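> Before I ask anything, let me first share the structure, which is written out below as structure tokens.
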Amino acid sequence: MIQCFAFAVPQLGKANLAFNGSKPAYPRNPPSIFLHLHGHDADASGSGISYRRRRRRKIAPIQRFQNPKFRSSSSDNNNTTSQSQRSNSKVVFWSAVTLVLAVGNRVMYKLALVPMKDYPFFLAQLNTFGYVVIYFTILYIRHRAGIVTNEMMRLPKWRFALIGMLEALGVVAGMYSAAMLPGPAIPILNQTFLLWQLGFSALLLGRRYSWNKIAGCLLVAAGVVTAIASGSESGQMLSGVGLLWPIMMVVSSAFQAGATIIKEYVFIDAVTHLKGKLLDIFVVNSFGSGFQALFVLLFLPFLSNLKGIPFHELPSYIKSGAGCFLNIGPSSSGCDGSPLMPLLYIVNNIAFNISILNLVKLSSAVVSSLAVVLSVPTTIYILSLPLPYLPEGVTLSPFFLFGSVILVLGLILYNVPQHSNSKHGSDLDIM
């Protein structure tokens, strides 16, 4: 703004007009800002400036600075602050929604396995392949409505293939290691997921996290491990288990973390290809799920054998699982609660996947992971209460309360504001 005004009145631009912060400092001699330039009417000094006050035209300062060409930096700062506040409000809202849906997802999965206790593999494959149909149906509707543009559909597909491959490898490695590990060790080893995300985010996206965010994430992971630890027996949890299986579970978390970071990169890079438009989340969900289903289909013989189902018996197993899911036929014995409980889980899981991907789009993969991690002790507490089809509650260890306190302290530390002049900070890392 200063350069434009100085160009119009060179003699006055340097002498009388300056801006301090967000408030313009007006010239000491107000009438001089209304001088007129006349090539034929110069004063004695030959400067070409006429001081005839009767021809001046007064313009209120507030009106002059409303001109977009002379907009002060304070309005830009105010707009930026307002947009940042709105963005942060969206992140907080969707973090809360993701947390609620994550808790519901874990609780409903446990309730869905009550009638489907003999067919967990069928329920897992129903999620994998059924969601492809659901997501692509929604994508087709949104594309016909003009919400999803042709430019979005023409984005490079190899990134989605990479996402699907990493998620499928995470499923395979997770199933193999989970079959050999004790149950309480699995959620503890899964907390390395957050640490993998921090590393991949810094390596692949170039993000820089302040000390409080790194320490906060470490405290959150430590709090979850403490909350789900089983007291004095936790030290013997991995006794008799080879080193290979814990490492494979950690590698499974790395595959899943890498997939989420690539999803975040897809959203960031799409802004350039779409000329500032935001990529619709169903493009990522649909193609990512499609490639994941393709790779899972390739691994299906190994997965079925892993679950004790010979590949040649897989068709009859799927038929029996479908009968239990629908609660019809000879295989429906002991499937009380179907199809209501499995359907509630599927609906909640779809909403959860959409919510978490939308949170990745608005903030970052690390923020979405914090929302999911926070759901772990909350889920444990809810599952300790008497529930439908799970009438017997359990008593929680004192470690649960202690770990929950550590987790909350980690979230508080993560959100301690850090004032920095750097322009290369992470985007909306708020939880």
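Going from the start of the chain as shown, residues are counted 1 onward.
Placement of Cβ uses the backbone N, Cα and C atoms for every residue, glycine included.
Pulled from TrEMBL, these are the listed features:
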- 91-109: transmembrane segment (TRANSMEM)
- 121-140: transmembrane segment (TRANSMEM)
- 160-179: transmembrane segment (TRANSMEM)
- 185-205: transmembrane segment (TRANSMEM)
- 214-231: transmembrane segment (TRANSMEM)
- 243-266: transmembrane segment (TRANSMEM)
- 278-303: transmembrane segment (TRANSMEM)
- 340-360: transmembrane segment (TRANSMEM)
- 367-390: transmembrane segment (TRANSMEM)
- 396-416: transmembrane segment (TRANSMEM)
> When each of 91-109, 121-140, 340-360 is checked against the transmembrane segment (367-390) for Cβ pairs under 8 Å, which one has the most?
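If we count Cβ pairs closer than 8 Å to the transmembrane segment (367-390), 91-109 scores highest.
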> Report, as numbers and ranges, every residue of the chain located at least six residues beyond the transmembrane segment (214-231) whose Cβ falls under 8 Å of a Cβ in that stretch; write 'none' if there are none.
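Those are 184, 187-188, 191-192, 194-195, 198, 237, 366, 370, 373-374, 376-377, 380, 397-400, 402-416, in sequence order.
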> Using a cut-off of under 8 Å between C-beta atoms, tell me which stretch among 91-109, 160-179, 340-360 contacts the transmembrane segment (243-266) the most.
160-179
> Between the stretches 91-109, 121-140, 160-179, which wins on the count of C-beta pairs under 8 angstroms to the transmembrane segment (340-360)?
91-109
